[in-house]
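Below is one structure, written out as structure tokens; comments come after it.
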Amino acid sequence: MTSSKLDQFLQENISDLKDRGLYNEIDTVQGANGPEITIEGKKLINLSSNNYLGLATNNEMKEIAKKAIDSHGVGAGAVRTINGTLDLHIELEKKIAQFKGTEAAIAYQSGFNCNMAAISAVMDKNDAILSDSLNHASIIDGCRLSKAKIIRFEHSDMNDLRQKAKEAVESGQYNKIMVITDGVFSMDGDIAKLPEIVDIAEEFDLITYVDDAHGSGVTGDGAGTVKHFGLQDKVDMQMGTLSKAIGVIGGYVAGKQSLIDWLKVRSRPFLFSTAVSPADAVASKRAIEMLMESTELNEKLWENGDYLKQGLKELGFDIGESETPITPCIIGDEKKAQEFSKRLYEEGVYAKSIVFPTVPRGTGRVRNMPTAAHTKEMLDDAIAIYKKIGQEMKLI
């Protein structure tokens, strides 16, 4: 007999989420996740993927992944610390370090795993972490797992960060203090004030950690937010994903050799999870090589991002203060944002609504993610649909 308590808990809470318009229905994409997708037989302009550079469907990467399956199999077969470390993993990590301008790098199974692994391996109950109030959920969970004292500072507020860093240092309570931030904030598209953060870190001897999941492949000519500001020798820990702009799956942390040596023996997701698959490893390596060889895809991404932003702004939509191709249309009311997303879907645009608690209450939005793979015709069609629905709903 199964638990009646569990059944009651699930029924009550799922019903509550649905009543408040906060239950997320998951759509199934039929086929590849490209600039256009098909859901339940309906063709849609896709403005919701993280496939920034269109590499998830890149033909060269697909072919090299197939060859890796033939030569190395479909899986690594073990955790990295037993005999799951393949030559392909070492080659990938060397390429990541070269890409990020660091001594070494370590690859994980996902970006979320990176933050769970690296933060808790370096910080403990005798330490403190200064964390931006809008940091990603994986950072929040990684900080909690470390058992360090979590001190939130107001989003990108350098005065608040400096004051809280000063108080933490002067308290004498902590062995180590880390400051951690997203490089690019995924809900609003703004970029962290890394030069000022680094200055504060140097003033108070803080460990610097940048989660560049949405910056790698996008900012710094593709090399990320740390490179964008020329701070490769000033940031202790650079985290990034092999999904999003790279188009595959996995994540990494890059930094000094001593840091990577420590993570290999103390980060639990590395120690207790089977390694990244051979196909994913070689496809990720090739994607990074492509970014290092040419800025063409990166330039196309920014061109399309600027084009969509300008089109939506001219219509009168509130697109916030985004500094990257991420383009929110901030509606405000949560239910209205969800209705707007639904109407866009009906007219041929897939742009998911983002509501509380993912964003602050009263800032419900539809988040647009243009990619290098979109054509101008696709973006023009999307803008026209935005205009039609926006006027119908009296949003513009």
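Using the three backbone atoms N, Cα and C, a Cβ is placed for every residue, glycine included.
What Swiss-Prot annotates here:
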type: BINDING; residues: Gly111, Phe112, Ser186, Asp211, Asp212, Ala213, His214, Thr241, Leu242, Ser243, Lys244; note: pyridoxal 5'-phosphate binding site
type: BINDING; residues: His136, Thr358; note: substrate binding site
type: MOD_RES; residues: Lys244; note: N6-(pyridoxal phosphate)lysine
Completion exercise
Residues near Asp212 (pyridoxal 5'-phosphate binding site) by Cβ (under 8 Å) yet at least 6 apart in sequence within the same chain, in sequence order, are Asp182, Gly183, Val184, Thr219, Gly224, Thr225, Val226, Gln238, Met239, Gly240
Completion exercise
Cα of Lys244 (pyridoxal 5'-phosphate binding site) to Cα of Thr358 (substrate binding site), in Å and rounded, measures 19
Practice task
Output, ordered by sequence, the same-chain residues six or more apart from His136 (substrate binding site) with a CB under 8 Å from its CB, or 'none'.
Solution key: Asn115, Asp182, Ser186, Asp211, Ala213
Problem - Chain-internal residues near Gly111 (pyridoxal 5'-phosphate binding site), provided their CB is under 8 angstroms and they sit 6+ positions away - result: Ser138, Ala213, Met239, Gly240, Thr241, Leu242, Ser243, Lys244, Gly250, Gly251
Practice task
Rank the binding-site residues His214, Lys244 by the number of other Cβ atoms within 10 Å of each Cβ and report the first-ranked residue.
Solution key: His214
Practice task
Could you list the residues of the same chain, at least six apart in sequence, whose Cβ is under 8 A from the Cβ of Thr358 (substrate binding site)?
Solution key: Met187
Handout entry: Among Ser186, Leu242, the one of these binding-site residues whose Cβ has the fewest neighbouring Cβ atoms within 10 Å
Key = Ser186
Practice task
Would you identify the secondary structure of Lys244 (pyridoxal 5'-phosphate binding site) according to DSSP, in three states?
Solution key: helix
Fill in the blank from the handout: Per DSSP (three-state), Ser186 (pyridoxal 5'-phosphate binding site) is coil
